[in-house]
């Protein structure tokens, strides 16, 4: 009897650990305090006595970003760095502007899934599934269409029209992070060894040096 009890107790404990998630917030809010630099996973809470409405607001998302760059797009983030009140809430948004035929280059968000809504223009969007399938899942979106990019997967957007395009992205983290593949691979600091990259991309070193010089 005792052995059966221990067995089921072990199963219960194992299941509870496996199903554990981040705990719910134990207070109304935890506005980020940018002054204090205590090393925590997130940001230290500001004293609630000093919290004000501006800690929960951001102005300027109606303004178009400057797309006069090599990729023809601009991301305006609204995360915990812009709204301190997002701290611990697990959400953020961004506005993305695209010049005609501009792209939001292939990238990943290591800490967030993304829901993209097209406000203006038409976009080709897509993401790549993980190895070994490496399947491209892609679709053409128009105004009002919504598309989901699962957390951590490589994804992109491209304006397929002759006019500007605008989208809003909602992300499931106060600080989703972004790794743009070309910048990370060819613009790392210090550089990734050309021996590694020539084997990875099956090209010669001059090609690698040329790519690295651009980033």
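In case you wondered, yes, glycine gets a Cβ from its N, Cα and C as well.
Under the heading signal peptide, TrEMBL lists 1-20.
Counting every protein chain shown, the number of other Cβ atoms lying within 10 Å of the Cβ of residue 45 (disulfide bond) is 18. Annotation source TrEMBL lists disulfide bond at 30-45.
What TrEMBL records for 59-209 is domain 'Cupin type-1'. On the 0 to 100 pLDDT scale, the model's mean across the domain 'Cupin type-1' (59-209) is 96.
Here TrEMBL flags 104, 109, 114 as oxalate binding site.
The Cβ of residue 155 (Mn(2+) binding site) lies under 8 Å from the Cβ of 106, 107, 108, 114, 125, 126, 127, 128, 149, each of which sits 6+ residues away along the same chain. Feature annotation from TrEMBL assigns Mn(2+) binding site to 107, 109, 114, 155.
Shown in sequence order, 42, 43, 45, 46, 87, 88 are the residues of the chain, 6+ apart in sequence, with a C-beta less than 8 angstroms from the C-beta of residue 30 (disulfide bond). Neighbours of the Mn(2+) site: apart from 107, 109, 114, 155, residues of the same chain with C-beta atoms within 8 angstroms of the site's C-beta centroid are 108, 112, 127, 149, 153, 154, 176, 178. Close to the recorded oxalate site, the chain also has 94, 107, 108, 112, 116, 149, 155, 169, 171, 176, 178: residues not among 104, 109, 114 whose Cβ is within 8 Å of the site's Cβ mean position. The binding-site residues considered are 107, 109; of these, 107 has the fewest other C-beta atoms within 10 angstroms of its C-beta. Contacts of residue 104 (oxalate binding site) defined by a Cβ separation under 8 A and a same-chain sequence distance of 6+ are given as 71, 73, 75, 96, 98, 156, 157, 158, in order along the sequence.
Residue density at residue 114 (oxalate binding site): 23 other Cβ atoms are found within 10 A of its Cβ, drawing on all protein chains shown.
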